[in-house]
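Annotated signal peptide per Swiss-Prot: 1-18, in sequence order. The annotation N-linked glycosylation site is assigned in Swiss-Prot to Asn25, Asn34, Asn76, Asn94, Asn104, Asn134 on the grounds of sequence analysis. Under the heading disulfide bond, Swiss-Prot lists Cys91-Cys183.
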Amino acid sequence: MALHMVLVVLSLLPLLEAQNPEPANITLGIPITNETLKWLSDKWFYMGAAFRDPVFKQAVQTIQTEYFYLTPNLINDTIELREFQTTDDQCVYNFTHLGVQRENGTLSKCAGAVKIFAHLIVLKKHGTFMLAFNLTDENRGLSFYAKKPDLSPELRKIFQQAVKDVGMDESEIVFVDWTKDKCSEQQKQQLELEKETKKETKKDP
């Protein structure tokens, strides 16, 4: 699910601490290091997600595409999130900050008086990461992000296997369709406009 939206929607449910054995091949609680944060500092593409809760499913289905930029602050343990999401054939921009809980291996976001957590699962070899939600609860969920919008058969298989490992079915996965992206061209035009504006400003005496 989209990074910003999933953390907002999850304010409806508390994150349950892992009291049961973790699902096979999914390791939670790996500490987040400076190296991890530097690796996360990049442009990311939301590829898809699987959620059991009906509210989450509905939210996932509204997202046509999404990409975002993560800019970590190693001193304050926060991450700046700039998100470009295509919904209803319209580009929507979101900006927020995420908290980093290094020892627990989680990211968090404040939604009012509630702090929502998600376990970070990094797959550096494949240039991807996942966010795990409520894996010990019936309303569990898993979302998938990559550095490129092209979902190769290998990456698709990796996420499908991860979904099965957490006790869900492949049929519950909703992948995005990047042919419906409305933000990339809009952002490109905006950047070109900003460059032209800067040039004109420099010309002025």
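A Cβ is built for glycine as well, from the same backbone N, Cα and C atoms used for every other residue.
Looking at Asn76, Asn104, Asn134, the glycosylation sites in this record, the fewest other C-beta atoms within 10 angstroms of the C-beta turn up around Asn76. A simple Cβ count within 10 Å picks out one of the glycosylation sites Asn34, Asn94 as the most packed, and that one is Asn94.
A count of other CB atoms within 10 A of each Cβ picks out Cys183 as the most crowded of the disulfide-bonded residues Cys91, Cys183. In the three-state DSSP classification, Cys183 (disulfide bond) falls within a helix. For the recorded site, Asn94 (N-linked glycosylation site), the DSSP three-state label reads strand. In this structure, the C-alpha atom of Asn104 (N-linked glycosylation site) lies 14 angstrom from that of Asn134 (N-linked glycosylation site). A gap of 24 Å separates the Cα atoms of Asn134 (N-linked glycosylation site) and Asn94 (N-linked glycosylation site).
Note on proximity: among Asn34, Asn76, Asn94, the glycosylation sites of the record, the Cα nearest Cys183 (disulfide bond) is that of Asn94. Looking at Cys91 (disulfide bond) and Asn76 (N-linked glycosylation site), their Cα atoms lie 30 Å from each other.
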